[in-house]
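Per TrEMBL, the feature domain 'Acetyl-coenzyme A synthetase N-terminal' maps to 21-78. Under the heading CoA binding site, TrEMBL lists Arg188, Gly189, Gly190, Lys191, Thr306, Asn330, Ser518, Arg579. Taken from TrEMBL, the feature ATP binding site applies to Gly382, Glu383, Pro384, Asp406, Thr407, Trp408, Trp409, Gln410, Thr411, Asp495, Arg510, Arg521. The domain 'AMP-binding enzyme C-terminal' annotation in TrEMBL covers 526-604. Taken from TrEMBL, the feature N6-acetyllysine applies to Lys604.
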Amino acid sequence: MTETIHAAPTGVEGSIDRADYERQYRASVEDSDAYWRDQAQAIDWITPFRQVQDTSFNEADFRIRWFADGELNVSVNCVDRHLATRGDQVAIVWEGDEPGETRSITYRELHRDVCRFANVLKDLGAKKGDRITLYLPMIAEAAAAMLACTRIGAIHSIVFGGFSPDSLANRIQDCDSRIVITADEGCRGGKRIPLKANVDKALAQCPSVEHVLVIRRTGGDVAFTEGRDIWLHDALQGVSDDCAPEPMNAEDPLFILYTSGSTGKPKGVLHTTGGYLVWVTKTFRDVFDYRDGEVYWCTADIGWVTGHSYVVYGPLANGATTVMFDGVPNYPDHARLWETIDRLGVNILYTAPTAIRALMREGKDWVTKYSRRSLRLLGTVGEPINPEAWDWYHRVVGDGRCPVVDTWWQTETGGMLIAPLPYATDLKPGSATKPLPGVQPQLVDTEGKVLEGATEGNLVIADSWPGQMRTVWGDHDRFFQTYFSTYPGKYFTGDGCRRDADGYYWITGRVDDVINVSGHRMGTAEVESALVAHAKVAEAAVVGMPHEVKGQGIYAYVTLNAGEEPSEELRTELRQWVRQEIGPIASPDALQFAPGLPKTRSGKIMRRILRKIAENDVGNLGDTSTLADPAVVNTLVAERVR
Ligand code: 6R9
């Protein structure tokens, strides 16, 4: 299925057509300063910048700075500046876990909520540069909390509500938060998530935290620690509706978001104020071709970067109406998305391939029960989308009339880098198509040689773009080593990629030890260290395996301590253990007890072989002669989990 789907009819007023795209792309490369000086006018500056790009990926003068002498405030751009023209327009539609549990917040109301929230944070002693950890459901207060941080210049660090108390504690400690914002409980698919109780457990390991601000979501019972915990609704009593925005330098930190890498503990990806906002503002507007008054729905959680950039900052900076969904696509039934689209009149839907595959499996009757007449554009993100799922999304969900934008990007990139512009780029199912203006992708071989034409290699980006991350929180050296040392002078994405004869990019997946489970990144090292933390486990090796719905699943090989016996109970216990240590998304889909792991004579685990076994590709294990004990492979193959 490599047929080309032609771009929607060109000449749609206000949209970028093919000639515009080509002109913009050329301008962005040939005179990047002029191009970005112009594009950055899409946001409001308190102090206009004079400098534009000041970047180098080389070790000797490594630096990434954009618009570095400008000042702005993100909450002003996302809220205040819309008041004059669209104060009464809905900014956020909150859709709860139960269908129809809905609340609309106008830009004027959002302004008041953000100012009041910011004043509460100030009353708790928060100031510019402080880190504040958010552990929240998808409630409108979460967006207000994010914007309140930006209003006073505090740096938010959002931890996904599905992470365990331990994972939360590690992230709080790493950035030294003094304030945590949470809710009593979350609701997902009819179940309650004990957020406040998880925070209480985490804080046993976090002496730095002085205040916990608790939002009432369900009214469920929660424990309160006197002097530390405070209800938001109590704190809001008598608080002023006004809060002067803090002028922030373009390079002041905006947020930290922890993401998994191939080694060690999760990295605190740091984004700064000016470049990030320019990037998400422009990419939201252009890739979704957003038009005034449209209802836009991105199903991502704010615990992930997609929720930051394309639920909150990108849409609100453009004055859009953005839906915040506190539920899941299969609750109360498999028609939830389509029913909600009809009820809210959604025009643009942005979701993940894993959700599409899961719904596709349930059959098209769930979809066709609803009209979906309001839909104009469909988007995907998070992992490669197989052409079958793309086709179903396009043909069944979009009735063949909505362009599908497959957007490739990463936590590190801040926003989309490779994606179609719906009225400029012909679509090919399964391809993220072409680089956006300002993005210079290259494919390199393992030696770093740049490959030309139709080819396959590792995906690098040759020059900086404004939305790029600036550092790993607290470890600038790790930032350089992780992304800029493999291929000197270039940003290494960690992804493999093919480019076809038309110059289209086809992302093939991670080439490092990161697995992408339902579009969520998991480091194999993290799962391994959770497993070996169990008293009965001697050693563990974790690899990805193909999974029909999740894209990739987690396959764990576990060697038990001497004297321990494998059993079904222990298998269940270990999977449960990982859930507790990291969170449900990290729980292995398959767990094989391995008497021994294939190792080289120097003791390195041969993951290549473990991957093949997990993929059930055992006819082709390659060279096993360098193994210390080649016989272990036969045992693993014979006992593999199917
Ligand atoms: C935004 C986000 C990043 C990794 C990335 C790649 C995979 C994301 C993709 C895609 C193919 C797409 N990925 N979008 N692969 N096509 N459209 O997902 O960020 O959680 O940091 O994950 O996800 O492997 O390197 P993040």
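Start at 1 and count along the chain as shown; that gives each residue its number.
Placed from the backbone N, Cα and C atoms, the Cβ positions cover glycine too.
Candidate recorded positions: Thr306, Arg579, Lys604. Those with a Cβ under 6 Å from ligand 1, in sequence order, are Thr306.
Across the range of the domain 'Acetyl-coenzyme A synthetase N-terminal' (21-78), the DSSP-based residue counts are 26 helix, 11 strand, 21 coil. Note: the Cα of Ser518 (CoA binding site) and the Cα of Gly382 (ATP binding site) are spaced 8 Å from each other. Mean model confidence for the domain 'AMP-binding enzyme C-terminal' (526-604) is a pLDDT of 93. Secondary structure at Thr411 (ATP binding site), taken from DSSP and collapsed to helix, strand or coil, is helix. Note: the CA-CA distance between Lys191 (CoA binding site) and Thr411 (ATP binding site) rounds to 28 Å. Each of the binding-site residues Thr306, Asn330, Thr407 was scored by how many other Cβ atoms lie within 10 Å of its Cβ, and the smallest score goes to Asn330. Pairwise Cα distances among Arg188, Gly189, Gly190, Lys191, Thr306, Asn330, Ser518, Arg579, the recorded CoA-binding residues, top out at 24 Å. There are 11 other Cβ atoms within 10 Å of the Cβ belonging to Lys191 (CoA binding site). For the pair Thr306 (CoA binding site) and Trp409 (ATP binding site), the C-alpha distance works out to 9 angstrom. With the fewest other Cβ atoms inside 10 Å of its Cβ, the least crowded of the recorded positions Arg510, Arg579, Lys604 in this structure is Lys604. Using DSSP to sort the residues of the domain 'AMP-binding enzyme C-terminal' (526-604) gives these counts of helix, strand and coil: 24 helix, 27 strand, 28 coil.
Cβ environment of Gly382 (ATP binding site): Ala300, Thr306, Ala352, Pro353, Thr354, Asn516, Ser518, Gly519, His520 lie under 8 Å away, each six or more residues apart in the same chain.
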